[in-house]
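This report refers to the structure that appears directly beneath it.
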Amino acid sequence: MFNQGTNRAPSANSVIPFFVLSAVSWLIGIVFISFNPDSVLTSVYFNEVMLTITHILVLGFVTSVIFGALFQLLPVIFLQNIYSEKLTKSIFYLLLFGTIGLCFSFYFDSNGIGLTVFGSLLNIAVILFIFNVWKTIGKSKENKVAKLFIKTSVVWLALTAIAGLLLAINFLIPFLPFAHLELLKVHAHFGIIGWFVFLIIGVSSVLIPMFLLVHNLESRPLYFAYVLLLSSLILGGISKVISIPTLMYISYGLGVLGFIYYLNFIHVVYKMRLRRKLDFGLKKTMIAFPSLIVVIIGSIFFIAGFHTDFNLSAFYVIVLIIGFIATLILGQFYKTLPFIVWLKIYKPFVGKEKTLLPKDLYNYTILKYQFYSHVSGFILFFASLLLNLISLFYIGIGLLMIGAVLFLINVMQIVFHQKQTL
């Protein structure tokens, strides 16, 4: 499947810029957090700094790498040619300028004009991306579970982008018949759960078993997770817009059950794996999943009515985006980008001469220290949120920054790799 799919993928030059933007944005996001501890530890979610940090991470870091990786992986997963390579380049520039403009607008002047203009650019990028994804997947009969999750995830992406644009327009011309903060919460949940988590479940249902050498898996847990998470999002959105607290609690409960079914699938994959020894890329991928357990515990406390002194919105940003999504992405970077660059440089020479392997394109020692600094940094950073200790915050964010710098060094080494003869 992998060899067939790579022949259908777009050129490396079309997707590599997405990975570079992602790595740079990750470092910028961590730097922003380090200079604004109060915005993370004590302020409410709706402040200029927190909104800037969040959108640097979710657009520049996460969405960028997802766009680039999907353009490379869809042909592999569904054995279909990418519909339009030209669209991938247009999407990149719209995403780049839209993200930069939106974050500047949040940080310096949230009056609605910049938010609306650059939000419109991002909506155009989203429309083109969804069109390219749906046309690429087409009527493929490969990996039906992944197809269901991925197609659904881009629908949630569209709803997330539309909700964001409506919020921006509301700054200019107030028209919403309800509190805009409620739409902001819907926007955030649709983006993080509907777009990111649905997409991650869809792609990981194929890639993680493939990397761990697992076959003949039962797909029912994933279908259960799909129904539960979808119901959770729909009920949660309704509860926010028309203020029915009971629906919100039901939504959280369904979401918890959905995550449990997904984690059970990952647990089964891990137990059945034929690849017993994991490299640091796979270790980082697998160590991301305990973060979901933290989210489940937090959600149960919320449903049970427990009140906490820490910032709940920051809790979700830190645990879901940095603990789960970022850790997963930082691990999978080493399973995608090196292979993309390796195909570009060495594929013509396969069978004709001895070539390097994809893992030879980056520094494994740097990867090892990046792994330790990121994991320890996240644990201390999360502890600083729970305990509201500024000293732990700086130690944790310092370690995360070291990891981000090491990560960027490795990414640049991969991107600028030149052919070597053995």
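Indices start at 1 and increase along the chain as displayed.
Any Cβ shown, glycine's included, is placed from N, Cα and C.
In TrEMBL this protein carries:
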| type | residues | note |
| --- | --- | --- |
| TRANSMEM | 12-35 | transmembrane segment |
| TRANSMEM | 55-79 | transmembrane segment |
| TRANSMEM | 91-108 | transmembrane segment |
| TRANSMEM | 114-134 | transmembrane segment |
| TRANSMEM | 154-176 | transmembrane segment |
| TRANSMEM | 188-214 | transmembrane segment |
| TRANSMEM | 221-242 | transmembrane segment |
| TRANSMEM | 248-266 | transmembrane segment |
| TRANSMEM | 287-307 | transmembrane segment |
| TRANSMEM | 313-334 | transmembrane segment |
| TRANSMEM | 369-387 | transmembrane segment |
| TRANSMEM | 393-416 | transmembrane segment |
In the same chain, residues at least 6 away from the ends of the transmembrane segment (91-108) whose Cβ sits under 8 Å of its Cβ atoms read 17-18, 21, 25, 48-49, 51-52, 55-56, 59-60, 63-64, 67-68, 114-115, 117-119, 121-122, 124-125, 128-129, 132
Is the transmembrane segment (221-242) close to the transmembrane segment (248-266), in the sense of at least 3 CB pairs under 8 angstroms with a sequence gap of 6 or more? yes
With a Cβ cut-off under 8 Å, give me the same-chain residues at least six positions beyond the ends of the transmembrane segment (55-79) that come close to it. 1-2, 4-10, 14-19, 21-22, 24-26, 28-29, 32, 88, 91-92, 95, 98-99, 102-103, 106, 122, 129, 132-133, 136-138, 140, 142-143, 146-147, 150, 191-192, 195-196, 199, 203, 206-207, 317, 321-322, 325-326, 329, 332-333, 336, 340
Are there residues at least six beyond either end of the transmembrane segment (154-176) with Cβ under 8 Å to its Cβ atoms? List them, or say none. 110-113, 115-116, 119-120, 122-123, 126-127, 129-130, 133-134, 183-184, 186-187, 190-191, 193-195, 198-199, 233
Recorded stretch that, among 12-35, 188-214, 221-242, 393-416, has the most CB pairs under 8 Å to the transmembrane segment (313-334): 188-214
